[in-house]
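Positions annotated as xanthine binding site by TrEMBL: A:Leu20, A:Asn27, A:Lys156. Summarising the annotation, TrEMBL assigns domain 'Phosphoribosyltransferase' to A:33-157. According to TrEMBL, the 5-phospho-alpha-D-ribose 1-diphosphate binding site annotation covers A:Ala128, A:Ile129, A:Gly130, A:Asn131, A:Ala132.
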There are 2 protein chains.
Amino acid sequence: MDKLKEIINERGEIRDGNILKVDSFLNHQLDAEFLYEIGEEFYRLFRNEGITKIVTIEVSGIAIASMAALFFKVPVVFAKKTESINLDKDVYSGKVYSYTKKKEYNIMVSKKYLNENDKLLIIDDFLAIGNAMKGLIDVAKQSGAEIKGIGIVIEKGFQQGGKFLREEGYNLKSLAIVDEMKNGSVVFREN
Amino acid sequence: MDKLKEIINERGEIRDGNILKVDSFLNHQLDAEFLYEIGEEFYRLFRNEGITKIVTIEVSGIAIASMAALFFKVPVVFAKKTESINLDKDVYSGKVYSYTKKKEYNIMVSKKYLNENDKLLIIDDFLAIGNAMKGLIDVAKQSGAEIKGIGIVIEKGFQQGGKFLREEGYNLKSLAIVDEMKNGSVVFREN
C-alpha cells in the first residue's frame, strides 16, 4: 500500500534495536481517517474469503480491526491481555511472550464470541517475531473456527514471523514489509 | 440515544455488584457498525465545540473514539496504561485506581500529541465512580489544552462520577444513564 509506505517514511521514527515507532498515526495518536483507508484495503484483499468475524488483540489492533469491520459488516472480537474480574470464566486462552515488554502475558477470548462456524480474518498492527500472532492463532483454533486470512499493517521482514506463517500456509497479507532500517531510513520489500 | 438503550436491554447482562456487562457489542466483541452510529451521535452533540483532538484511554474507549474521529476529522490520542520501553520519556502522566481490577495503574500521554492549543473531546465507554476520567482530565490539563466536552456511552447514574463532573462544570453528555439495575432489568434516566 503505497500511501502507507509514504506515511511511514514521513512520520515513522527509527530507534535503536530495530524499533520502528509509528506512534503518530497507529500506536498512540491514531489517524482515524487513514486507518479507515487501511480497513478498506484489508477489505479489498480479503473480501472473497467469506469472513464472519475479525479477530485482533488489544491494544493497537482494535482501531484497525474496527475500521475493517465497517467494510466487512461483521463483528470484531479482540483478545484481552489480562484477566478482569468482569470477564467470563468460559474462555479460550493462550500465552504470549512480549519482546518489547520482556514478559509473558495471558490472552483470552470468551467462548461466546468464536465458534466452529466462524471464518476469521485476524488483523494486527505489527508482525515481527510473531509471538502475539501465534498466541492469537492458538486461541482462534481452540474455537474450531477457520482462519481465512491474516492482515498486517507493518511486517518486519527481517524477523521470522512472516516467513513462518507463510510456510505454515496462512493467507498472510502485509500492507508494508520493512526489510531493513539503515541510516535512518526504511527499506521496503518490493510488491 | 434510544437505540443504545434498546441494545443494552437486549444484549447487556446484569451481574452481582451492580456490574453491567456489555461485552457483546462494546467491551470484547465490538459491533463496529453500531459504534459508528455512536461516533456520529457524539459528533451531533459536540460538533460546535471546535474540537481539535479526541482523547480516550485504552482499551475500550479506542474503537468508539476512532469512530467519532471519522466525523470530527481530527486525530485520536489514547492514554496508555502501562509503561512500554517503546514509549517516549517525555510524557504527561497520572494515576488511576481501577475498581474492577482492584489496583492502581499509571496512565500517560506523550507530550508530542497534546498541547495548549488543543480543544479536547474526551470519550470513554463507561463512567461510574469516575476514577479513570479524573486521571484523563488530570493528564489533559497538564498539556494546557482546553476540555470542551466529555462524551460517555454508558453512565452509571447511581455512582458519583457524573454528578461530580457536572458540578465541576464539565460539558458532560452520556448517551445512556443507568439509574438502577433491579430484578434483572435496567432502569434508564429520562432524557
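Note: Cβ is positioned from N, Cα and C throughout, glycine not excepted.
Just so you know, TrEMBL annotations are computer predictions that nobody has curated.
Remember, it's a predicted structure, so these values are computed and weren't measured experimentally.
Classification of A:Lys156 (xanthine binding site) by DSSP places it within a strand. Secondary structure at A:Asn131 (5-phospho-alpha-D-ribose 1-diphosphate binding site), taken from DSSP and collapsed to helix, strand or coil, is helix. Comparing C-alpha positions, A:Ala128 (5-phospho-alpha-D-ribose 1-diphosphate binding site) sits nearest to A:Lys156 among the binding-site residues A:Leu20, A:Asn27, A:Lys156.
Contacts of A:Gly130 (5-phospho-alpha-D-ribose 1-diphosphate binding site) defined by a Cβ separation under 8 A and a same-chain sequence distance of 6+ are given as A:Gln159, A:Gln160, A:Gly161, A:Gly162, A:Phe164, A:Leu165, in order along the sequence. Residues within less than 8 Å, Cβ to Cβ, of A:Asn27 (xanthine binding site) and separated from it by at least 6 positions along the same chain comprise A:Lys21, A:Ser60, A:Asp125. Cβ contacts within 10 Å of A:Leu20 (xanthine binding site), excluding its own Cβ and spanning all protein chains shown: 17. Fewest other C-beta atoms within 10 angstroms, among the binding-site residues A:Ala128, A:Ile129, A:Ala132, are seen around A:Ile129. Cα distances from A:Lys156 (xanthine binding site) to the binding-site residues A:Ile129, A:Asn131, A:Ala132 are smallest for A:Ile129. Within 8 Å of the Cβ centroid of the 5-phospho-alpha-D-ribose 1-diphosphate site, not counting the listed residues A:Ala128, A:Ile129, A:Gly130, A:Asn131, A:Ala132, the chain contributes A:Tyr99, A:Leu127, A:Met133, A:Lys134, A:Gln159, A:Gly161.
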